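Encoded as structure tokens, the structure appears first; notes follow it.
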Amino acid sequence: MAGDSDNVSLPKATVQKMISEILDQDLMFTKDAREIIINSGIEFIMILSSMASEMADNEAKKTIAPEHVIKALEELEYNEFIPFLEEILLNFKGSQKVKETRDSKFKKSGLSEEELLRQQEELFRQSRSRLHHNSVSDPVKSEDSS
């Protein structure tokens, strides 16, 4: 697996930012230390994804699901990460439901994107017309009420 990591990397700026946020302000780290962290992260990701793939294969699944990753973490004895990751998964699923609801609202309308755009443009036109009409008629109303 270590040989495979020559072809992939983690974004150095992202890793640098993560390390900087974790370290005390008075601590520094070298580029070599950052490279070791990057390579360790890559190796961890490769091991975890390989184990999760194995878990999916054992269930005759062709897609790795979050449950497979969690089982892989258990198998690798990283149980302390699981509650945190399950919370992240719940938050992600919640945000996906909101997105799906928004997306399905337009799909359920039965209208094409072009038709929806045309309706939106018409609503804008009507709104501008009302705004223009109100701004023209308001001075007259204020003169009448004097």
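Positions of Cβ are set from backbone N, Cα and C atoms, glycine also.
Candidates S9, S95, S127, S135 were compared with Swiss-Prot; the annotation phosphoserine appears at S135.
Among the candidates S129, S137, the residue that Swiss-Prot annotates as phosphoserine is S137.
Screening S104, S142 against Swiss-Prot annotations picks out S142 (annotated as phosphoserine).
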